[in-house]
Structures are given as C-alpha cells and as structure tokens.
Amino acid sequence: MKILVPVKRVIDYNVRPRVKADGSGVDLANVKMSMNPFDEIAVEEAIRLKEKGAAEEIIAVSIGPAKAQETLRTALAMGADRAILVQTDDQVEPLAVAKILKAIADEEAPGIVMLGKQAIDDDSNQTGQMLAALMGRPQGTFASKVEVSGDSVTVTREVDGGLETESLKLPAVVTTDLRLNEPRYASLPNIMKAKSKPLATKSPADYGVDTTPRLKVTKVSEPPVRQAGVKVANVDELVAKLKALGVA
Amino acid sequence: MKTLVYVEHDNQHLKDATLATVTAAAKLGDVDLLVAGSGCKAVADAASKIAGVGKVLLADDAAYEHQLAENVAPLVAGLMDGHDAFLSPATTTGKNIAPRVAAMLDVMQVSDIIGIEGDKTFVRPIYAGNAIATVESSDAKLVITVRGTAFDKAAAEGGSASIENVSGPGDAGLSSFVGAEVAASERPELTSAKVIVSGGRALKDAETFQQVIIPLADKLGAAVGASRAAVDAGYVPNDYQVGQTGKIVAPEVYIAVGISGAIQHLAGMKDSKTIVAINKDEDAPIFQVADIGLVADLFQAVPELTSKL
C-alpha cells in the first residue's frame with residue numbers, strides 16, 4: 001500500500017516567537033523554519049512501515065509557499081519516495097488543508113494517511129480528524145504505537161488517563177504523538193539523492209478547493225507577562241512563603 | 001444561541017472538565033448536554049444536576065461505550081440541526097471527536113479557547129502559548145473546544161434538567177476498541193488539582209523520582225506532574241506530562257523541581273497562580289516565570305522542605 005504523509009513548514013520549535021507590534025500576527029521574517037516536529041515522527045513511522053514491508057511507497061505532501069519545497073526535500077531525504085507541493089501564499093486553515101488532502105487521497109488511494117497530531121504554530125489539532133471525516137474513514141489519533149496486519153491497523157493512543165488501543169479498518173488516518181518514535185537524521189548522501197526525487201507542484205485550484213479562511217484573526221497579542229518573582233535564600237524562607245500562600 | 005456541550009465521562013462518573021465547558025457555553029446561550037456512552041444513566045443523572053442546564057440528551061448505546069470518534073461524531077452532527085454551537089472540553093476525547101464533527105458540518109473548529117469576546121469571537125493561544133489570537137468565525141454553526149483551566153467550573157449541584165433519550169446512526173463499523181491501560185492514581189487529578197509538584201530530568205531515575213517528589217506531593221496533598229524529559233526517560237507514565245503536548249494545568253501553586261523551563265513545558269503551566277522553582281542552575285529559564293525561586297540542589301532541598309512542612 002501507499003502511505004501519504006502531509007508535512008508542514010513551521011517556525012523552528014526552539015525559536016521563541018515574537019508578536020508583531022501592530023498585532024497582526026507573529027513575525028516570521030528571517031526566522032528559522034523547520035518541519036513540524038510531529039510530522040517528522042509521521043515521516044519516520046511511514047518509513048519504518050515501508051522497511052517492515054507493510055508499505056511500498058511513501059508520498060510526502062505539503063501545502064504552503066514555494067519554500068515548503070525545503071520541507072518536502074527533508075522528507076525525501078529521510079526516505080519518502082516522491083513529493084507533492086500544493087503551492088499557495090495564503091494561510092490555509094485545517095479544514096481547507098483536509099479538503100486538499102482528501103482530493104489527493106482520492107487520486108493516490110493510500111492505505112494510511114499519517115499526519116502529526118498538531119502543528120506547533122496554530123496548535124489546532126484538527127487536520128487529521130477532519131480528513132478522516134471527509135474521507136469517511138476511521139481515525140487513530142495521538143498514536144504511540146502503530147501495527148499493520150492484513151486489512152486493519154492497530155493503534156495505541158495516548159489519552160488523558162493512560163493508553164487506549166483501537167483497531168481500525170484500512171484505509172485509515174493516523175495522527176502521531178511524540179512518543180511514537182525517534183525520527184532519523186537525513187544523511188548527506190541521502191540529502192543529495194533527495195534532490196533528484198520527483199516533486200510535483202500543484203495549486204489548491206487544481207483540486208477545486210476554496211481556501212478562503214473561515215476564521216478571521218482580528219488580533220494577535222503577547223501573552224500576559226508574569227511579574228518578576230523573588231528568590232529565597234534557603235528552605236526555611238521557602239517554607240515561610242508556602243505557608244503564607246496557605247499551601248502548607 | 002442554543003449550545004450543545006459534550007459530557008466527558010467514563011460511563012460511571014462525570015468528569016470535571018465538563019463543568020468549565022458548561023460555563024463557557026452559558027456565555028453563548030442556552031445549554032444542552034450530550035451524554036453518549038453505554039450504561040451511562042448515572043452520568044446523565046449527574047449531568048442533570050449541573051446548574052444552568054436546559055436538558056440532557058442521553059444516547060445510551062453499545063456503539064458509544066468507548067466514545068469512538070467514528071461513531072460519536074455522526075450522532076453529534078445529527079443533533080446540530082437543533083443547535084447553533086457544539087462545545088467540548090479540550091481533553092483527548094474532545095480533541096478526537098470535535099474536529100470530526102466540524103468537518104461533517106463543513107465548519108472550521110475553534111480549538112482550545114481561553115476567552116469569549118462575542119457571539120462568534122474567541123480568544124485562543126497559539127505558538128505554544130507565546131501568542132494570544134483573537135479570532136472571529138464566519139461559519140453558520142460553531143464547533144469549539146474549551147480549555148478547562150480558563151473558565152470557572154459550573155456548580156455541579158443545583159440544576160434540575162430533564163433527561164431525553166436520543167439515538168444516532170450507531171456503529172459505523174470502521175473501528176473497534178481493543179483495550180485500555182489506565183494509569184492508577186489516588187492523587188488529585190492533574191488538570192483539576194490545586195497544588196502540583198512536578199519533576200524533571202534532574203530526578204535521575206524512576207526510583208529517585210518516587211523518593212524525592214512523592215513525599216512532598218503527599219505532604220501537600222498535591223498532584224504529581226512531570227516534564228517531557230522525565231517522561232521520556234521513563235521516570236513516570238506519559239499521562240503525567242505537563243506541556244504543549246501533554247496536559248495544560250493552572251493550579252494555585254505549581255512547584256517545578258529540577259525542570260529547566262523549556263517553552264514547551266511553560267506552555268502547559270505558565271497560567272498557574274504561583275510558580276515555585278527549585279533548581280541548582282540559577283540561569284535556568286524557569287526562574288524567569290517563577291514567583292518564588294530557590295537555587296539549590298534538589299536532593300537536599302526537597303527532603304528538607306518536605307520535613308519542614
């Protein structure tokens with residue numbers, strides 16, 4: 001089967017985002033961008049399934065500006081076979097992303113669509129679930145273990161109280177949690193090889209999807225700043241402070 | 001506006017996260033509750049006592065026992081003819097089901113709201129809480145998940161809502177529940193605890209974590225949390241994790257022990273009322289958000305603190 005892996009280009013997770021002074025958004029000019037960490041885990045899991053013989057081909061797809069090509073090349077260097085860039089400079093919301101992915105899935109007929117559980121920029125945690133709904137397929141969200149057997153996939157999910165295991169009929173949508181795996185680094189030879197792997201460029205219009213945002217962002221502001229605290233010299237002072245708070 | 005709130009439960013007990021969601025829903029209009037499960041009449045009874053609730057819709061069917069999104073989402077979507085907004089707690093259950101409902105209704109979900117500024121205007125954190133966005137929906141119907149720590153809990157007693165049986169399409173036949181491993185804990189639940197003691201990588205191993213953190217937590221009647229580093233290193237199970245990818249908490253007092261304060265961790269706890277940090281590195285980022293800091297070796301300071309409380 002094929003595995004479709006959507007990846008997103010986001011601000012690098014180590015960068016502290018700065019809110020623009022005019023409140024219009026977060027300043028992304030000259031900021032280091034990388035593949036969304038959850039998507040790296042999705043790419044890694046797809047590659048592992050291919051290495052186990054459970055999948056034949058891995059298609060990475062990204063929706064975003066021309067620079068999202070770099071993100072796709074990273075996925076190709078890790079081990080994806082080919083890539084599709086749906087190029088647009090607009091902000092595309094999870095619902096529209098899910099619709100584009102649905103159209104691609106209709107063409108490619110993947111057995112599994114493997115996504116990250118959330119992107120670390122908008123923190124929405126929606127795209128995978130929305131895609132599964134549009135496809136009318138089951139969803140295995142927040143996966144920490146994925147096992148394909150025959151025409152089903154068993155997914156262990158990280159839920160609030162612990163772990164939960166579900167069996168899903170293939171084709172299915174799986175979203176990855178942090179503990180699913182440790183993504184590999186692309187080696188230099190593989191980075192060079194990735195440059196010659198196929199990368200098709202499309203537009204949202206090719207898939208007949210309207211990307212007009214449903215949510216209008218009216219303001220982006222800094223979170224409230226915490227007041228500077230005090231340092232205590234020793235445990236006795238800390239005990240006194242805790243007692244004053246009524247904790248002890 | 002008529003709102004429908006998803007009740008979080010385990011077929012026996014109603015979970016607290018529901019109460020904060022009811023408060024958020026009440027700001028928008030009339031509140032109906034949906035209890036979907038199997039053998040869950042006790043939950044519907046508890047739900048009917050929540051103050052400010054119009055009616056409780058009870059969908060009691062084997063197909064809903066484990067609240068699989070494939071089965072529950074069509075049930076919810078079907079009930080949305082009579083409602084303008086669907087609100088769910090931003091728990092793993094809510095995050096799993098709500099976007100599926102939103103896509104079925106062809107609307108964009110507003111995730112993890114922390115404020116309501118108008119009928120269709122909401123406030124939510126982005127970039128791991130490093131920015132706060134105000135968003136206005138243009139959709140006819142709203143699908144929203146609610147951050148439990150951002151809203152007061154509605155009173156669990158005092159209401160007398162009627163209970164009405166509803167049914168949906170039942171089992172979609174796409175997925176099945178295999179099993180669950182529930183982490184046993186007799187402590188207060190992390191997301192609703194007043195005091196949390198959290199440990200990081202500096203705790204060295206599972207045994208040391210138990211020896212250092214647990215007695216302090218016991219003394220304070222606190223819930224126990226952890227940083228991702230501590231979870232990844234196997235000191236504690238993953239459901240202890242506080243942060244962008246774990247639980248979002250906002251207790252009265254959060255005590256961070258041996259936690260450096262990476263932005264992903266801060267995303268989960270920086271709305272705590274008072275933050276106490278114990279760390280031997282005086283340059284650790286945690287001290288930039290801590291109200292009370294103690295620069296000390298935790299292996300001496302924490303046992304001393306425990307004994308003096």
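Start at 1 and count along the chain as shown; that gives each residue its number.
The backbone N, Cα and C atoms fix where each Cβ goes, and this holds for glycine too.
In TrEMBL, annotation is done automatically, which means it is predicted and not curated.
According to TrEMBL, the domain 'Electron transfer flavoprotein alpha/beta-subunit N-terminal' annotation covers B:3-181.
What TrEMBL lists as FAD binding site is B:Arg201, B:227-228, B:241-245, B:258-265, B:Asn279. For B:His265 (FAD binding site), the same-chain residues 6+ apart in sequence whose C-beta sits under 8 angstroms from its C-beta are B:Ser227, B:Arg228, B:Val242, B:Gly243, B:Gln244, B:Ile259.
In the predicted model, residues of the domain 'Electron transfer flavoprotein alpha/beta-subunit N-terminal' (B:3-181) average a pLDDT of 97. Around B:Arg201 (FAD binding site), the C-beta neighbours below 8 angstroms that are at least 6 residues distant in the chain are B:Ser227, B:Ala229, B:Ala230, B:Ala233, B:Gly258, B:Ile259, B:Ser260. According to DSSP, B:Arg201 (FAD binding site) sits within a helical segment.
Neighbour counts of Cβ atoms within 10 Å were compared for the binding-site residues B:Gln241, B:Gln244, and the top value is held by B:Gln241. Most other Cβ atoms within 10 A: among the binding-site residues B:Ile259, B:Ala262, that distinction falls to B:Ile259.
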